[in-house]
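As given in TrEMBL:
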type: DOMAIN; residues: B:89-268; note: domain 'ABC transmembrane type-1'
type: TRANSMEM; residues: B:43-62; note: transmembrane segment
type: TRANSMEM; residues: B:69-87; note: transmembrane segment
type: TRANSMEM; residues: B:93-115; note: transmembrane segment
type: TRANSMEM; residues: B:136-164; note: transmembrane segment
type: TRANSMEM; residues: B:215-235; note: transmembrane segment
type: TRANSMEM; residues: B:247-264; note: transmembrane segment
Amino acid sequence: MTQIVAEHAQEFAASAEHTASTSPAPEIAVKADHLYKAFGRRPHDIVKKLEGGASREDLAHLGTAAVIDASFEVRRGEIFVVMGLSGSGKSTLIRMLNGLLEATSGTVTVGDTRITGLPAAKLRDVRRRSVSMVFQHFALLPHRSVIDNVAYGLEVQGMPRAERLAKARTIIRLVGLDGWADSMPSELSGGMQQRVGLGRALAADTDVLLMDEAFSALDPLIRREMQEQLIELQAELGKTIIFITHDLNEAMFLGDRIAVMRDGRIVQIGTPEDILTDPANDYVAQFVQDVDRARVLTAGSVMEPVRSMVTVTSGPRAALRTMRDLQTSATFVVGRDLGFVGVVRDRDVLKQVKASHPDLRPIIKEATAVSADTALVDLVELAVESDLPIAVVDARNRLLGVIPRVTLLAALGNVTTATGEVPVTEPPSTISLRVITETLRETALEGAQL
Amino acid sequence: MNDFRIPLGSWADDFIAFVTDNFSFLFDFVRTIFDGAYEFVDLVLASPPFWVIILVAAALGLMVRGWKFAVGAVIGLIVIVGVDQWQNAMDSLALVLVASVLAILVSIPLGILAAKSALASKIIRPILDFMQTMPAFVYLIPALILFRVGVVPGIVATIIFAMAPGVRLTELGIRSVDHEVVEAGEAFGASPARILRQIQLPLAMPTVMAGINQVIMLSLSMVVIAGMVGAGGLGQQVLASLSRIDVSLGFEAGLAVVILAIFLDRMTASLGTGITPIGRLLAGRKHRRQAAAVAAESPISAPVADVKTPQPAGV
């Protein structure tokens, strides 16, 4: 019985994922197809040799192969992070996406426009209307006030002054710079200057936002604040953001998906959890070694199937039997609709059974439940407070899985648990097997006699 | 050994002869223009009584640098009057102004071209080296042939000698504008002309102004040499004192050159830095307005607080 319920929960979890992935195919905002960029006297020769299988080092005497065979699609409304160390070609890559650098080979498509090979005037039009950019060192116009900087994109678009200043004022409020509109950039702190940079890009009202190491020059506290604000703004405005960084923690925090670059090649594209839990090669594995796993991994990604679970109506005897079979001292209780109710302990159930009380309800205790997207860092305290596994529930409060302490520890320490064959059962039984079996037999006999 | 001789000199001679024969109308035209410009500026400077010019100079000095400089300028110019070199000084000043303006008009566009195109830069650079290091007297010979004796060959030789720093510093200024800021202009779809006008030139302005300052100073240093071809002014006085071994005249004329040089240098140098009393006045007013805004809304903490709750906006 419990097993069936558990499987149900798994199905629910699976079907929830399923609907997410088959919901109307997300539009592609930016597409890169076999992009190459080589610097040197004869870049096309370098690309030809790369296509023929030569390595980057073999061609060092001819020039630099900055980006090699990069292909990816960025969905509308997604934060796509390109992560790599300096020299990995990520800055070159992002500059090909708005045509600041011309690709040596391959194509870039922004929206419906193929921008590779576009004449300069058309390319400028794409930049005005479709792609804006935020720079590492802010790149503000130092001789113009904050509001004129924010309105710069609109000015280039040809918007009349009064109109663009009105719009810039709204943006200045949006990025939290109220009252600084008439200041000069040099009067602002680094974080505030980058808000101006961000505001300038947002004001241009393009679908796609390119951010080149946008927060790397800020100190850590401000950086975190900006990251959080970017996510809020993105949720509000639904921009497509391509974010370049060398900071893995930043990539993991911001990215819906991450492309990891090394020596000009994209070595892996995936969600932060994909990259953390299933690195494509040793390089990525080594890279993610130092990441703050507690902040990246979520409850949903480490939870285990629910084994110890009973429905409210199944009664104390079923609960006790489940606990005996799994040798555990507690079991989760769910309602008819699989809604999470709470937990029962073996001692209470044993009393209930001995008293031949048919109802579980009086002894159900409250238990902590978290949503699947809770970061592991937030589970630690809960795990310390209670020896019970932490229940993971979906938006409709249905039990999706559990996280025993061992699982949490294993996930944080990046070691594999023996999930599957040997289930983790926590907390361990507190009453001996013999007592339970005897109680069950006695009460069963009593029941038969009655 | 002595038979080996590259006839470079006679080639140059042939070239000048060819140009004189075939393009004399062009040089006559240039001569008329330059001469007209010089006569006009000289008229403006030399015909009013000296105290009018001194007052104007003092007013300019007051606006650009402040009262101390204005007082200094008045004293310096009165010294020139006192050593009876006023007319000559005004003639020389007219020559310097005309030559400098023309040199600037040529050198800034050339500098922009050199900054925008690596090829142009490669071609222009050795020509500038040539123009700047070739002894200035040498220009006077063809200039004399082409423009005949008078002020015009002086102006032409001055332009050629003085324009090099204008080109170089304009190129340097534009090239050293923060690459990322230029890239930002490109990334928002600005055309190259707009980037030049709104980003590169304004940000290169201090360097360009330093170039203009150098052009003017070099023009002034050519005044004496221009005197050799009949340009008149202080240069002629210096040359006359040299031929007569006249120490007193030489010192007085030379001192007048120095006073003019200091005045022009300080004026143009402060234009480059933008630190002028007028600029300070504007900056001060802006600062007070901001201080008022700070007091009203205490935005030191406001931006941080606003971060958490971005207002919905019609974006």
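Each position is counted from 1, following the chain as shown.
Each Cβ is built from the backbone N, Cα and C atoms, and glycine gets one as well.
Predicted automatically and left uncurated, TrEMBL annotations should be read as such.
The recorded stretches the transmembrane segment (B:69-87) and the transmembrane segment (B:43-62) share 3+ CB pairs below 8 A when only pairs 6 or more apart in sequence are counted, and are therefore in contact. For the transmembrane segment (B:215-235), the residues of the chain that approach it from at least six positions outside its boundaries are 85, 88-89, 91-92, 95-96, 99-100, 103-104, 107, 136-137, 140, 143-144, 149-151, 153-155, 157-158, 161-163, 165-166, 253, 256-257, 260-261, 264-265, 268, judged by C-beta separation under 8 angstroms. Under 8 Å from some Cβ of the transmembrane segment (B:136-164) lie the Cβ atoms of residues 16, 19-20, 24, 27, 30-31, 34-35, 38, 95-96, 98-100, 102-104, 106-107, 110, 128-129, 214-216, 218-219, 222-223, 225-232, 235, all in the same chain and six or more residues away from its ends.
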